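> Quick one: this structure, given as structure tokens, is what I'll be asking you about.
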């Protein structure tokens, strides 16, 4: 950064980036099944020295397990907050600062400072990404992992020694144990390494061994778990992908398109399946355009991404089940970079500014919606547990039950335990009821959550 104007723009962009993610975050942050699950894992690690070998489960209750790295990453934050899940906000703030900083320097190095500014402007003002960056769960780390892989591939492009292959293997192994969608970055990396003859000729036995062994090393917790449990996770893995129950019967090969339409809405303004196909085609044409226009690392980068772009609809068609929007999250860093590079290739700053302004304009409403208070979030679930402690005579034996729609009970139990509210386990004792919605309750937390407290245990 050579002048004060650049520094000023960077600081302003950082402020906008953080504001759009953390305004009113205390009353927006979720605390649902995933957050409660890894919160209990962290509590067991800290209090009981019960060091878990398992992380999230891929896809559903029939899926296989990934590694526990995200859980261990959260441990120091929970310890700092005395195991209260408000630690998740601390973690997300530090993560987003790290992502912003790393992204700026990596893209400035791989492309240019102008690319970095446009990339981060696009990322900051995309309402879906602003929402994802403030969700405390595994997918949060996916963009940081992608930027890291870009940097390491550039290191290998310049100097393909075994140390750089070790770091690439470690990074791919780490992040695929956080989100299974990172498998697309493995495809991207392999095509990048094999496409160019100058890199391919350096794939000697030493470098290949360094890459493969470091990648496998990151699966060590799962390997230990399998050795202790008769290869349970390996069996789950093979059943998930190759079981006869997952036959083509009942598959919907186009079920991914409406989901992708939701995912691309910040780019298209409206949800339209035909428009989604056009977006994929447009990304392909822009990739080809940039392949023809760029040289060296950048050309190889776009060639490798084009392969991933072609594989994406084929994979989700073969998958045959409706995915979630975040399954496509690995595409957005590439889209943001293609968007940035294309705007700069126009060599017309007014046209580029007009396109960027239009993008911001069509997303202002959704960005504002992101600020809304979550009535079933951490803030109000924590307040519910606190109100139980304040309004119930805990010297008497009680139990707590929940009258909620399916899945809405998640998160309460951990907070009840955190406040030290003991339950007898005998349901002949008084039942304090958490009720959703809050109609007809004694203590109203908000319009969604209320408490029914028996008279004999009220303070």
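Any Cβ shown, glycine's included, is placed from N, Cα and C.
TrEMBL annotations: computationally assigned, not manually curated.
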> Suppose you had to name the range TrEMBL annotates as transmembrane segment; which of 45-62, 243-260, 351-368 would you pick?
351-368
> What range among 63-80, 369-386 does TrEMBL describe as transmembrane segment?
63-80
> So which of 6-23, 63-80, 165-195, 300-320, 326-344 has the most C-beta pairs under 8 Å when paired with the transmembrane segment (207-225)?
165-195
> Cβ pairs under 8 Å with the transmembrane segment (128-153): which stretch of 6-23, 326-344, 351-368 has the most?
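Against the transmembrane segment (128-153), the leading stretch is 326-344.
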> The transmembrane segment (351-368): which same-chain residues, six or more beyond its ends, come within Cβ distance under 8 Å?
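Result: 20, 118, 121-122, 125-128, 130, 266-267, 269, 343-344.
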> Is it the case that the transmembrane segment (63-80) and the transmembrane segment (165-195) have 3 or more CB pairs under 8 Å, with pairs at least 6 apart in sequence?
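Judged by the Cβ rule, the two regions touch, with the required three close pairs present.
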> Can you work out which residues elsewhere in the same chain, 6+ from the ends of the transmembrane segment (165-195), have a Cβ less than 8 Å from its Cβ atoms?
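For the transmembrane segment (165-195), the sequence-distant neighbours (Cβ-Cβ under 8 Å, at least 6 residues beyond its ends) are 55-56, 58-59, 66-67, 69-70, 138-139, 141-142, 145-146, 148-149, 152-153, 155-156, 203, 207-208, 210-219, 222, 300-301, 303-305, 307-308, 311-312, 326-327, 329-330.
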> Are there 3 or more C-beta pairs under 8 Å linking the transmembrane segment (326-344) with the transmembrane segment (274-291), counting only pairs at least 6 apart in sequence?
yes
